[in-house]
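Below is one structure, written out as structure tokens; the observations come after it.
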């Protein structure tokens with residue numbers, strides 16, 4: 001029979017040592033790998049993934065200018081920009097959580113695989129804790145999925161497809177930019193007021209994801225007010241001359257042409273349509289009209305005089321007179337000598353929103369940032385009162401309906417705001433059919 | 001019927017561009033035996049000659065208009081073109097508006113110079129190398145040229161409008177007895193087609209009716225024998241390279257009002273132009289022109305809604321489909337000659 005040496009003190013001592021021993025690896029692990037790229041020094045690195053080459057390089061350059069300005073303002077340099085007008089007062093101009101903001105850039109080339117590669121490099125090699133930017137929905141969806149897997153936050157740049165916050169939404173991804181549904185909902189009443197409810201529309205649609213969702217959105221909004229869709233023809237993304245698609249439009253019985261095109265496609269199809277005399281033509285006893293659902297000032301510049309009098313929608317425009325917009329225009333204009341584009345605006349705002357969410361959360365941890373952004377209501381960033389809806393991570397705010405200006409006073413003064421459509425008119429339920437499928441899932445801290 | 005006429009007209013202007021680019025490609029291939037993938041870039045540089053001339057003519061000085069303000073609320077800076085001071089406002093404005101046609105004169109020397117420099121500086125070193133090497137080096141050159149253009153002119157398309165006299169469209173239907181507005185065709189596309197026909201005719205006449213052309217044609221047929229006759233065929237071939245560059249450049253200059261020039265436009269046309277050359281028959285100038293128009297018109301027809309409804313996606317593949325059929329039936333292309341590009 002053996003004698004046990006167990007004493008109360010011995011058990012406590014052994015238990016404490018054993019417990020500490022067991023806890024030690026987890027403690028270290030949680031400190032070292034709490035989440036992907038946890039900033040440990042005096043700086044934090046953000047990754048700006050924008051098209052620096054390829055067809056949207058000019059738009060990408062404007063996005064980068066906006067990010068650089070945002071970094072300046074976050075670090076307390078310059079005039080502070082919209083930090084001064086932002087309703088949240090968490091940002092102090094001392095970096096983010098006291099860490100100086102640094103950044104790395106990647107080139108999306110407006111190709112999904114290149115964009116993923118550059119985002120991956122910024123996350124894995126440069127230690128970026130957040131990725132933001134881009135000028136295409138294909139890129140946004142691809143990079144958003146990558147960021148979800150990697151456990152970093154993705155603040156989308158210019159992406160207008162319903163799918164970004166619809167069937168392809170992700171918990172780690174957030175979109176400030178508006179979407180195809182909102183364009184349709186905002187445009188329809190203006191089109192009805194100007195062109196009536198008895199119209200026959202002919203759609204030319206870029207043959208890719210964004211084109212489909214935009215056509216669907218515009219069709220359902222215009223058909224709901226009585227318009228008939230005569231035909232919808234898909235055009236290859238690589239198409240440069242649209243004459244063979246434009247020429248049959250007048251013979252189809254249509255009296256409105258909707259160009260679901262963006263970028264170079266929009267510039268060329270609109271130019272072709274105007275050259276083929278569609279603006280002067282008459283059909284069904286009415287003036288023939290053209291509609292461009294998504295306008296961009298940079299694209300409008302490419303199309304030149306062809307944009308005059310043509311309706312479209314946009315996320316933001318530098319001619320807005322609210323204090324926040326004017327502050328941003330002054331800040332950007334003083335720095336670069338020309339007014340910012342809508343792409344620049346949305347990117348600047350996304351950078352500020354992320355920084356603010358981190359400050360409010362008190363941590364860079366992605367799930368804490370997601371929690372801070374979900375359901376966040378804010379103002380003072382140029383779009384009026386805005387909600388980051390928790391269910392799909394889409395911003396809900398007023399939408400601008402614009403028209404190509406007849407007498408521009410400068411090369412930037414190409415669009416005039418016709419109507420600011422209130423947010424209520426462009427809000428939809430999270431389970432709306434145009435956004436069906438896919439799930440937000442749960443946030444991923446990575447590591 | 002009216003839809004068919006409309007698509008034939010559409011195909012003609014697209015075909016004109018294909019034919020002009022393919023003509024230059026065939027000239028280079030026929031004379032120098034080089035597969036020049038930088039030829040699309042020459043088309044693009046031609047278009048940018050129009051952009052450059054337009055910018056030169058629009059060069060201006062700045063005055064301050066105290067009565068207006070800019071986007072920052074400062075007094076508006078107004079640019080006044082020097083052309084207004086030199087020629088008066090009305091005449092100056094007209095000169096600026098006619099930049100594209102004027103660019104023809106501007107582009108010819110520039111394009112010949114670029115063509116000759118390209119041939120003497122780079123391509124001549126690759127004459128004896130395999131075609132794969134030539135393709136790689138000329139493709140690389142094309143990328144370098146388009147990046148240079150992008151650096152100076154940006155990535156966005158730059159509107160290059162036609163002179164006001166040629167904007168708007170011509171009611172072709174009314175001329176043929178159809179209802180008004182049924183067959184509208186932009187004036188500038190008509191101008192482009194006529195211009196292309198003149199250039200093509202001039203190149204053929206030059207080769208057919210001049211001593212220079214005769215020597216070049218002889219050199220194309222049998223370079224060695226022409227050389228043995230004591231004729232410096234290399235010098236003539238260099239000039240032909242310059243000429244081919246000028247043809248591509250002029251095609252680009254006049255295409256500006258149809259398709260706002262951007263740095264990538266050469267690549268957009270290059271692949272199709274190669275298909276045109278192959279379908280027409282390697283080294284055959286009439287073949288290149290005929291195939292250019294044929295494929296341009298077929299592409300237009302394939303874009304018709306009625307056709308797409310029957311065969312979805314046909315608009316994207318028609319050119320390659322027709323190329324396969326023609327090459328299966330006639331392996332040397334429409335007018336290809338025996339012995340060209342064959343071992």
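Every residue gets a Cβ built from N, Cα and C, even glycine.
As annotated in TrEMBL, transmembrane segment covers the listed stretch B:95-114 rather than the other ranges in B:75-94, B:95-114.
Between the stretches B:140-165, B:270-295, TrEMBL puts its transmembrane segment entry on B:270-295. The list of residues near the transmembrane segment (B:270-295) in space but at least 6 beyond its ends in sequence, with Cβ under 8 angstroms from a Cβ of it, reads 11-12, 15-23, 25-27, 29-30, 37, 39-40, 142, 200, 203-204, 207, 220, 319-320, 322-323, 326-327, 332-337, 340-341. Most Cβ pairs under 8 Å to the transmembrane segment (B:42-64), among the stretches B:16-35, B:190-216, B:237-258, B:307-329, belong to B:237-258.
If you look at the transmembrane segment (B:237-258), the same-chain residues 6 or more away from its ends with a CB under 8 A from one of its CBs are 13, 16-17, 20-21, 23-25, 27-28, 31-32, 39-40, 42-51, 100, 103-104, 107-108, 110-116, 118-120, 123-124, 160-162, 166, 188-189, 191-192, 195-196, 199, 203, 206, 212, 216, 219, 265-266. Residues 42-43, 119, 123, 126-127, 131, 134-135, 138, 192-193, 195-197, 199-200, 203, 216, 219-220, 237, 240-241, 243-245, 247-248, 250-251, 255, 269-270, 272-274, 276-277, 280, 282-285, 287-289, 291-293, 295-296, 340 of the same chain lie 6+ residues outside the transmembrane segment (B:16-35) yet bring a C-beta within less than 8 angstroms of a C-beta in it.
Cβ atoms under 8 Å from those of the transmembrane segment (B:190-216) belong to residues 12-13, 16-17, 19-20, 23, 27, 31, 162, 166, 170, 226, 231, 233, 236-237, 239-240, 243, 247, 250-251, 254-255, 258, 285-286, 289 of the same chain, restricted to positions at least 6 beyond its ends.
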